[in-house]
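A short write-up of the structure that comes next.
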């Protein structure tokens, strides 16, 4: 592999906006008085609450049991008493939520013990540990990790890639984690590699984080199977199929999964959580997130207990500057706008981004001038202008014939559009309509 | 209301690029050629360019006002159309030529089809074709640069043997010190502006390179070698057409492959018209012909989706 940064075709260069937090050491957020732990924090089936109102719980104690294969158990992030179990809003929808009042003692549950050396465990045992630790993808999508690590026997996996691209503007959580705790990430990577029985591990990091590249190279210099690969700083480099293409030059088939080309991709944050689950036995009860944006007083990188309301965290970061315009869970390109700051932090909360009123304004669209910028940059070679036009005319089937369903929703087209047209927004509508029409027929 | 949050689906940030910024870039790119035109053709150039731009902007404003549509003259697209039309008429043209041309370009070619982004052919070129068909003598009455403008012929007409005279030197052709339309004379300044547009990302290399390249190869092979190729390349609106007119967003294909096919098509047509056709010049008609083929080209050059599996027949 040559020394030049690897990359893929298409993509955009949004401003980074990372300056305000990229050099800030990760700090631990205060333990909240009350945590709100939703039973649905991942892609897949929701969990069932296995505690009752009035029960005492400790940190790391399982409170939600996964009943399906594509699901992941959920644990308490504080010690204290279960006050209520009810439906509440979460950053991604609405779910049964266990409300636990913290007793402030932060006592750790007796089940939390080191799982021993990875070398001494079988691959089945490793996957079981990861599953029981409730680990899901921490990059944002929240896919249960043990499912990714259990490919069907006919899929030959030969490569593991850790995603340290962090291509979303503003976010620096993964960056700081790599700089501060590289050993734990390497440990997690080795567990993943053993779980899928491969001998080749890559860590892809965007080249705008030279310090992270250096630290990770240093930490992995004695691991001859692990290679740090600088990748070009370009959005959406951190999309797993783009990253696979950048590093291995393989193309995941349209509609397929990374395992179809023999690759498993995990976020560096996920690897860190896995490393931690083996070393200390602590399941996924907290995560690092970047709290930032033009509308926040003191941007920070914080370790946040799952279930902490956004409001507590925003207060800890000095509160809002003026009136906030938009509050986003995740980054500005793919994050989800929130309607309230009462929602809790979940496993997929990679950041809380607050935009001021000016930045949050939704621009008025001008007519499409067919400049073709959206066609030039689409990482999956779509023609967003045509799909969007058809979607706005409610011609969804025709939009489908322009491969609307292949859209990865990275938002690059909407970003570059000089006419500020709602390209991705209308493509999403087309996708939803096509899928629901298919179900009907 | 003050504490209301904006809620919308991602992405939540947009680039700073706008239509007016693109149009201003085009105007900046055309500035050197505009100044050269004024230097060579003096007051005539100022008068015709001014009238042309003013008519274009006023027509757009009046039509949108009349149709109760949002007024979009501040996106500068009408200014670009007016300027490009002026670039396509001779310095000797009477004042009403650009008036009719600009009004036609904006009213018929642009607004009647739905305004910016919906014109299926280049408005300035369509207007030029209309003017040339209606007033062929006025539209080909070329004059020499300078204060005492006397009638002259374009290098391409001399080359074709349609007009008397000696070919100007390549240096004069490059600098624009020759007979021709207002803005098409200085190849060098048009190229500099074109490079600026490439640098700014307003246009890509595909259409200009494939267009100019095709004309160069065709004329080299079919019209008497290197010297003639040089004149074909540097004179007669090829640079103006390739960098500023063929690249018109709404009337050219959006796919990369399509843009190259479009450029090659323009090049072939231009060379054929110039070498075998009745006109010494062929840029306008080639681009207009390829404009109408654009939707078809787009249709057949739809790119393969990333990771698309070949269907087994």
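First residue shown is number 1, and so on along the chain.
A Cβ is built for glycine as well, from the same backbone N, Cα and C atoms used for every other residue.
Because TrEMBL annotations are produced automatically, they should be read as predictions rather than curated entries.
Keep in mind that what you see is a predicted model, and the values were worked out from it rather than measured.
Checked against TrEMBL, the range among B:95-113, B:152-170 recorded as transmembrane segment is B:95-113. As stated in TrEMBL, the feature transmembrane segment covers range B:22-40 out of the listed B:22-40, B:231-249. TrEMBL assigns the feature transmembrane segment to residues B:178-198, out of the candidate ranges B:73-93, B:178-198.
By the Cβ criterion (under 8 Å, sequence separation of 6 or more), the transmembrane segment (B:22-40) is not in contact with the transmembrane segment (B:205-222), since fewer than 3 such pairs are found. Sequence-distant contacts (6 or more apart, same chain, Cβ under 8 Å) of residue B:154 (FMN phosphoryl threonine) comprise B:142, B:163, B:178, B:179, B:180, B:235, B:236, B:280, B:281. With respect to Cβ pairs under 8 Å, the transmembrane segment (B:258-277) is most closely packed against B:205-222, considering the stretches B:95-113, B:178-198, B:205-222.
Under the DSSP three-state reduction, residue B:154 (FMN phosphoryl threonine) is assigned to coil, being neither helix nor strand.
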